[in-house]
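Mind looking over this structure? Questions follow.
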Amino acid sequence: MAKNRVLTIFYCTIYYCICFKYVLLGMVVEKTQGHICHDYLEGDHCDPKDCNLDCRDKWKGTGTCEPPTGTPLTRTCYCTYDC
């Protein structure tokens, strides 16, 4: 009889730990969903076409050369994507 009680407590503990893990995971996903993230791509120069393609391939986002008024050698690729 004591063995059954120990097994029941053990299984309930495991069950609640697994449920708690999924609740925490859901909270983390909910926090980052819908937010906009940004990142810079390293490189020697920025070509708008290549920048946009690289950002789309890497993060499924869009890329622009920043600052827009600089020469291609002084600009860098700035990516915007959904977190």
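The backbone N, Cα and C atoms fix where each Cβ goes, glycine too.
Not measured: the values here are computed from a predicted model.
Quick paste of what Swiss-Prot says about this protein:
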| type | residues | note |
| --- | --- | --- |
| DISULFID | Cys37-Cys83 | disulfide bond |
| DISULFID | Cys46-Cys65 | disulfide bond |
| DISULFID | Cys51-Cys77 | disulfide bond |
| DISULFID | Cys55-Cys79 | disulfide bond |
| SIGNAL | 1-34 | signal peptide |
According to DSSP, does Cys55 (disulfide bond) sit in a helix, a strand, or coil?
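The residue in question, Cys55 (disulfide bond), is helix (DSSP, three-state).
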At the Cα level, what's the spacing in Å between Cys77 (disulfide bond) and Cys37 (disulfide bond), rounded?
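Cα-Cα distance, Cys77 (disulfide bond) to Cys37 (disulfide bond): 14 Å.
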Through the lens of DSSP with three states only, how would you label Cys65 (disulfide bond)?
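It is in a strand.
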How many Å lie between the Cα of Cys46 (disulfide bond) and the Cα of Cys37 (disulfide bond)?
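That comes out at 20 Å between the alpha carbons.
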Cβ distance under 8 Å to Cys79 (disulfide bond), same chain, sequence separation 6 or more: which residues?
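When sequence neighbours closer than 6 are ignored, Cys79 (disulfide bond) has His38, Asp39, Tyr40, Leu41, Cys51, Asp54, Cys55, Lys58, Trp59, Gly61, Thr62, Gly63 within Cβ distance under 8 Å.
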Using DSSP, would you call Cys83 (disulfide bond) helix, strand or coil?
coil
How long is the line from the C-alpha of Cys65 (disulfide bond) to the C-alpha of Cys83 (disulfide bond), rounded to the nearest angstrom?
20
